[in-house]
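What Swiss-Prot says about this protein:
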REGION    1-24  region 'Disordered'
MOD_RES   S9  phosphoserine
DOMAIN    31-153  domain 'CoV N NTD'
REGION    33-159  region 'RNA-binding'
REGION    150-190  region 'Disordered'
COMPBIAS  154-163  compositional bias 'Low complexity'
MOD_RES   S156  phosphoserine
COMPBIAS  164-176  compositional bias 'Basic residues'
REGION    202-240  region 'Disordered'
COMPBIAS  215-235  compositional bias 'Basic and acidic residues'
DOMAIN    224-337  domain 'CoV N CTD'
REGION    231-334  region 'Dimerization'
MOD_RES   S254  phosphoserine
MOD_RES   S256  phosphoserine
REGION    334-362  region 'Disordered'
Amino acid sequence: MANQGQRVSWGDESTKIRGRSNSRGRKINNIPLSFFNPITLQQGAKFWNSCPRDFVPKGIGNRDQQIGYWNRQTRYRMVKGQRKELPERWFFYYLGTGPHADAKFKDKLDGVVWVAKDGAMNKPTTLGSRGANNESKALKFDGKVPGEFQLEVNQSRDNSRSRSQSRSRSRNRSQSRGRQQSNNKKDDSVEQAVLAALKKLGVYTEKQQQRSRSKSKERSNSKTRDTTPKNENKHTWKRTAGKGDVTRFYGARSSSANFGDSDLVANGSSAKHYPQLAECVPSVSSILFGSYWTSKEDGDQIEVTFTHKYHLPKDHPKTEQFLQQINAYACPSEVAKEQRKRKSRSKSAERSEQEVVPDSLIENYTDVFDDTQVEMIDEVTN
C-alpha cells in the first residue's frame, strides 16, 4: 500500500502546518522548468501564510495527480555595488518532479510549500516537467487568488535566459558603438579645429562650400505647408473659414448672415480678433442639445432651422468685441469714419485759404458725395 500512496485529506490538518523548515536546503544548478508561469509575491508578504492548501493550478494531470509544491526563487539586483532584494517568485511542480523530485509530500524543506486537492493520491506523479522549447502555461485556479499574489504572464527560465543573453549582447554592442562614437568624435573635433583655423585665414574648403550650397538648395526647395481648409466639396454648413475672404463660401453679409465687419469678412481666420470671437461661440454639443430645432421640406432638400440662446458676461472685453460684429455690415467702418474726418479737415483748410465769396453766391453743398467718402456695403446677392 505504501508504494501505491494514499489519498490526501485536509480534514484534520491544521492550517498553520505547511511543510516549511528552517534548513537552507540544497542548491541545484540546473533547475527543471515548471509547466506554469510563476507567481510574484508582494514585498513583505509570507507565501505560506497566504497560499491556500489546495492551491494547485488547473490544466494538467488527472484527479489523482493534483498534488505538488510551490518552490521559491529568490531574486536580487546589484545597484551601485549594493545587493537589492527583489520580490520572490514561486514556481509550481507536481509531486515527484522538479528540483525536489525525491521529496515526500509534506517534507519540511526551506522554500517549499506543499499543496494538494482533496482526494489526490499521495504518491509521485509521472507528469515530469516542461521542455526547454515549450512555452509555459498561464496560471488558472478553481478558487480565489490571494491579493498578495501576482500571476505573471509568459515568464519562464528559458525566456529569462534568452533575455539575459539578449541583454548581454545588447550591452556589448552598445559598448562597441560607444567606443566607435568616441573615436569618431575625436576625429570630428580635430577636423573642426582645422576647418576653423582655415576659416579664420579666409580659406574655405570644398566641403564647406558644398554644405553651404546644399543648405541653400534645401531652403529654396522647401514648400510652405498648405493649411487652407478643403471646402470645395462640402456643404455650406460643413465648411471652415480659412485665411482670406469668407464670402466665397458663406456669401455676402446680409440680414440672414449678419455677423462680421469688413476686416473679419475679408481676412477670415487670420483676422486680428478671430480667436477671441470664436471663444464666444457655443460648442457643437451646446448647439445640438441646447437649441430649438425645426425642419421643413425645400424642394429636394430639407431646410433645418435652430434657435439657440445663451448669455455672455456683460463687462468682459471679448463680449464687446463680439457685439461689435453683429450687423456690422450695415454700420460705417472705423476706416471710413477716419477718412471722412481727414477729408473734412482738409476741405476746411482749403476753404480758409480761398478768397471770401459774397454770401449771395454761396451754395450749400454739404450733402454732396465725394467718391473718396463712399463706403461699400455688401448687399444680398441671389
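Each residue, glycine too, has its Cβ placed from N, Cα and C.
Helix, strand and coil content of the region 'Dimerization' (231-334), in residues and according to DSSP, is 37 helix, 20 strand, 47 coil. Remark: of the modified residues S9, S254, S256, the most isolated position is S256 (fewest other Cβ atoms within 10 Å of its Cβ).
If you take every residue in the domain 'CoV N NTD' (31-153) and average the pLDDT, you get 93.
Cα separation, S254 (phosphoserine) to S9 (phosphoserine), rounded: 92 Å. Assigned with DSSP, the residues of the region 'RNA-binding' (33-159) fall into helix, strand and coil as follows: 13 helix, 43 strand, 71 coil.
S9 (phosphoserine) sits 88 Å from S256 (phosphoserine), taking the C-alpha atoms as the reference points.
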